[in-house]
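Here's the structure, in structure tokens; my notes come after.
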Amino acid sequence: MLSLDQIPHHIRHGIVGSRLIQIRGRVTQVTGTLLKAVVPGVRIGELCYLRNPDNSLSLQAEVIGFAQHQALLIPLGEMYGISSNTEVSPTGTMHQVGVGEHLLGQVLDGLGQPFDGGHLPEPAAWYPVYQDAPAPMSRKLITTPLSLGIRVIDGLLTCGEGQRMGIFAAAGGGKSTLLASLIRSAEVDVTVLALIGERGREVREFIESDLGEEGLRKAVLVVATSDRPSMERAKAGFVATSIAEYFRDQGKRVLLLMDSVTRFARAQREIGLAAGEPPTRRGYPPSVFAALPRLMERAGQSSKGSITALYTVLVEGDDMTEPVADETRSILDGHIILSRKLAAANHYPAIDVLRSASRVMNQIVSKEHKTWAGDLRRLLAKYEEVELLLQIGEYQKGQDKEADQAIERMGAIRGWLCQGTHELSHFNETLNLLETLTQ
């Protein structure tokens, strides 16, 4: 009989790392979306198979915690068919997603599988869904502006390659239209878009009407609609980030868009409350505020490529102190505020420039660009200051030289701030127009 030392290394490694006895448990309790099962040896984050003895069920679930020697699991699909006879079989692995160039042009579900139920080619690699962010000292500094093709952003809220920004908007603020424009016009190699908690009707409409064949060609979509289980909606954000990380590791410039962080947080809230966590700020358990930086810090520069990320945040009643909005703004490198008032006036993109900011803009733009942007901001602020007086007929020309200048140029400024959804503006063209407006 061979000793372990006489077995070839690759076989020995497999034997040492494997479970020689198949472990099975059984469901002991089902409460809402949470399962409890006695399954020895499982780890948090590990996937398990749920099967009925008559093979009427085949479903995966993820271990999210433990309580009194029982594992707490959340299924990755619908719970119909689970019974007291359902067996729980650990897989010994965490959730991974298949990645590769074949994903370009594909629409995936929240778990990284084809949305239409089809089959994908053999992946180039498998990436874990949960990964650590790049070490702080290994990140390259953000030094290069990234042209997003939107004049108001490139000119006044310049985004750097590897920056993370939030797009804050109430319902109907025009964020979906802005995202579609960004996908078509951003000067990047690959775009990864996560649609989390969207209405099912809007998905195909967005792909065919807003995105179009041109936008889809260099994009990967990860979609988890509002009717999907909470675990799938929560995982969609991590799956999209893992796919973006693969393309970053190939040396590409990646644009990661997520719509929306609020619905991601709500899915995490459902999971946390089901696991028995105490509700804190407006009903959100502590795990939500731990998940947000764990997700967002994975974007950014690495030694190989970059992920520039824009996350949309639904703001309830324009309340920027709402917990998810407040926490997200503190994590990210800038914020773009969309105004319902501007959207109602058919001013698109409906960006409120004076309430928006890019935290890295001053580090990456030229001195002239910084001056022109500052001058235009001053004109916008001055016009806002005297707008009410203009509306009631109380402003007299000549009272304030800077106000006169702002009023005189406001038509041209608004024309520059507005941009059609299919209109592309190159970075240098944007700067030339910005210079003209402020001279």
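Heads up, the Cβ atoms here are built off N, Cα and C, so glycines get one too.
The ATP binding site annotation in Swiss-Prot covers GLY172, GLY173, GLY174, LYS175, SER176, THR177. Residue environment of LYS175 (ATP binding site) contains 24 other Cβ atoms, counted within 10 Å of its Cβ in all protein chains. In the three-state DSSP classification, LYS175 (ATP binding site) falls within a helix.
Considering only the binding-site residues GLY172, GLY173, GLY174, the Cβ with the fewest other Cβ atoms within 10 Å is that of GLY172.
Apart from the site residues GLY172, GLY173, GLY174, LYS175, SER176, THR177, the chain places the Cβ of ALA169, LEU178, LEU338, ALA343, ALA350 no farther than 8 Å from the centroid of the site's Cβ atoms, the recorded ATP location. Around THR177 (ATP binding site), the same-chain residues six or more apart in sequence whose CB sits under 8 Å from its CB are ASP210, TYR348, PRO349, THR421, listed in sequence order. Long-range neighbours of SER176 (ATP binding site) (same chain, six or more residues apart, CB within less than 8 Å of its CB): GLU202, PHE206, ASP210, ASP259.
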